[in-house]
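Data first, discussion second: the structure below is written as C-alpha cells.
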Amino acid sequence: MQATKTGNASTVFVVDDEASVRDSLTWLLNSISLDVRTFESAKDFLDADISCTHGCVVLDVRMQNVSGLQLQQALSERGFKLPIIFLSAYGDAQMGAQAVKKGAFDFLQKPYRNQDLLDAVNAALALNREMADKQNEKQKHLDLLATLSQREMEILDKVVAGSSSKEIAKLLGISYKTVEAHRGRIISKLGLKSTGDLMHFVMRGSSHCSDCGRQPLPGSSPCRPAA
C-alpha cells in the first residue's frame with residue numbers, strides 16, 4: 001500500500017493490480033489536490049485499517065484471486081459506505097450493470113479520458129459529503145433527543161402522533177398543565193421555538209416504519225407500544 005498526502009479531507013482509495021495504473025491514477029488525482037492510498041490487491045485493501053469516512057474507491061474489475069465485484073460484495077457485507085467507481089479494460093456491459101445494481105457509483109471502461117475519471121471521482125466525493133452531512137445531522141438529532149427524560153420522550157411521541165395536550169394528559173394519567181410544562185421543556189431542550197418547529201425537527205430525523213407506516217422518533221423502535 002502507498003499513500004500520498006495533499007492535506008485534502010477526502011481520500012481516494014485505488015485498488016488495481018497493475019502498478020502503472022496505480023501510479024498514473026495517483027499522479028492524476030494528486031493533480032487536483034486529492035489524497036490517494038493505493039492497493040495492489042483486494043486482500044490488501046480488506047486487511048487495511050480504513051478509518052476514513054470521507055472519500056471514494058476506484059476499483060479494477062478484474063484482479064487476481066479476488067475480483068473487483070467480489071471485493072464490492074465483501075465491502076457491502078462489512079457495511080462499507082464509500083462510493084465505488086469501477087474500471088474495466090473489457091467493456092463488459094453486463095458486468096457494469098451488475099456492479100451498478102449492487103451499489104457501484106460508476107463504471108468506466110479503460111482506456112478512459114482523464115477528465116471522465118476526474119468527473120466521476122468528484123461526483124462520488126460530492127455524494128459522499130452529502131451522505132456524511134446527513135449522517136451528522138441525524139447524529140445531532142439523536143444527541144438532542146438523548147437529553148430528554150423518559151416522560152418527555154413519551155409526550156413527544158404522542159405529540160408527533162397528533163395527540164393534543166388534553167388527550168396526552170388523559171392517556172398518561174397526568175394533568176393538562178403537566179403536559180404543557182413538559183412540552184415547553186421539550187421545545188427548550190431541543191433549541192426550538194414552537195410545536196411547528198418540533199414537528200419539523202422530528203420529521204427531518206425520522207424514517208417511516210416499514211411495518212405500520214408511522215414515522216417513529218429517531219433512535220426509537222419502529223412500533224413502540226403506547227404508554
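Just so you know, the numbers here start at 1 and follow the chain as drawn.
Including glycine, each Cβ sits where the backbone N, Cα and C put it.
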Among 25-44, 145-164, 165-184, Swiss-Prot lists DNA-binding region at 165-184
Counting across all protein chains, other CB atoms within 10 angstroms of the CB of ASP60 (4-aspartylphosphate) number 23
Taking DSSP helix as H, G and I and strand as E and B, the domain 'HTH luxR-type' (141-206) has 48 helix, 0 strand, 18 coil
